[in-house]
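**Q** This is the structure I have questions about; it appears just below.
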Amino acid sequence: MFPSDTVLGVFFISQICMGFMGNSMLFISYMYTVLSQSPLKKPIDLIFIHLTFVNILTIMFKLIPDLMSSFGVRHFLDDVGCKVTLFVYRVTRGLSICLSTFLSAFQAITISPGHSKWVRLKSKFSTCVYPSFLFFWILNTLIYVIITKTLEANHNFTVARSAYAQIYCQSKQLEQHHLMAFLSVILIRDLLCVVFMMLSSIYMVNLLYKHHQRTQCIHSPNVSSQPSPEIKATHTILLLVSCFVFFYCLNNFLTLYLIYRQNPRLERINGIIASCYPTICSFVLMKNNKIISKSMFSFQR
C-alpha cells in the first residue's frame with residue numbers, strides 16, 4: 001500500500017464520519033418534529049428527511065468500498081455485493097440530485113409573494129410530495145436496474161470495464177449503442193436537474209433582492225448595518241447551487257473519463273468528489289431554510 005493510499009483512506013474516514021453524523025443528526029431532528037410535534041411539521045420537513053436518508057446511503061455505499069480498497073483489502077465484494085452496492089449507490093445519488101432540485105423548487109414556490117402567478121401552486125405543491133418521492137424512486141430504479149445485470153466481482157482487483165463500476169467490480173462488455181443510450185439518459189437527467197435548480201435559485205435570489213430593497217428603507221441604521229436575512233439567504237443559495245453544479249459536473253466528467261481509461265487511484269479520488277455534495281448539502285440547505293423562514297412573514301404581507 002502506497003502512502004498516497006493511506007492519505008486517501010484518511011480522507012475517506014473523515015468524509016464518512018462527517019457525512020454520516022451530520023446527515024444522521026438532521027434526519028433524527030426532522031423525524032422527531034414529524035413524529036412528536038405533528039402541529040409543527042411542514043411538507044418541507046418530509047423532503048429534508050428523505051434527502052438526508054438518501055445522502056447517508058450514498059455516502060456509505062460509495063465510500064466504504066473505496067475505503068477498503070485504499071487499505072489494500074482484496075475481494076471485499078462478491079458478485080451479489082457488487083450488484084447491490086453499485087445499484088444502491090447509483091440510485092441514491094440520482095435521488096439526491098432529484099430531491100435537491102425538488103427542494104429548491106419547493107422553497108422558490110413557498111416564498112413567492114401572494115400576488116405571484118405561482119400562488120396557485122402553493123397549496124397543490126404540498127400534496128405532491130409523496131407522489132414526487134415515488135416518481136423519483138421509480139425513475140432512478142429503472143435507469144440503473146439494467147446495468148446491474150452486467151456487473152460481476154473484479155477478482156483481479158483492477159479496474160477493467162466498459163460501463164459503470166466501482167473498484168471491486170467490473171462490467172461485461174456492453175454494445176456501444178446501449179452504452180451511449182444509458183449515458184445519454186443519465187446526462188439528460190442531471191442536466192435537467194442542474195437547469196431547474198439554477199432557475200429556481202435565480203428566482204429566489206431575485207425575490208430576496210427585491211424584498212431587501214423594499215425593507216431597507218424602514219430598517220434603523222443599526223439594523224441595516226448588519227447582514228439582513230435576505231443577504232444571508234442569497235449567499236447560501238449561491239453557495240448551494242455552486243457546489244451542486246461544480247461537484248456533479250466534475251463527478252460526471254471523471255466518471256465518463258474512467259469508463260474508457262483505467263485508473264484505480266483516480267477512481268478513489270472521484271469517490272471523494274462524488275460524496276462531497278451529499279456530505280455538505282444538508283448543512284447548507286438547513287441553514288438556507290432557517291434564514292428564509294425568518295423573512296417568510298414579510299414575504300407574505
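Even glycines carry a Cβ here, placed using N, Cα and C.
OK, TrEMBL features for this one:
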- 6-32: transmembrane segment (TRANSMEM)
- 22-285: domain 'G-protein coupled receptors family 1 profile' (DOMAIN)
- 44-64: transmembrane segment (TRANSMEM)
- 127-147: transmembrane segment (TRANSMEM)
- 181-205: transmembrane segment (TRANSMEM)
- 237-260: transmembrane segment (TRANSMEM)
- 266-286: transmembrane segment (TRANSMEM)
**Q** Report, as numbers and ranges, every residue of the chain located at least six residues beyond the transmembrane segment (44-64) whose Cβ falls under 8 Å of a Cβ in that stretch; write 'none' if there are none.
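**A** Contacts of the transmembrane segment (44-64) (Cβ under 8 Å, skipping residues fewer than 6 from its ends): 12, 15-16, 19-20, 23-24, 26-27, 30-31, 33-34, 85, 88-89, 92-93, 95-96, 99-100, 102-103, 106-107, 110, 129-130, 133, 166, 271-272, 274-275, 278-279, 281-282, 285-286, 289.
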**Q** Need a quick answer: max count of Cβ pairs under 8 Å to the transmembrane segment (127-147), which of 6-32, 181-205, 237-260 is it?
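**A** Looking at each of 6-32, 181-205, 237-260 in turn, the most contacts to the transmembrane segment (127-147) are made by 181-205.
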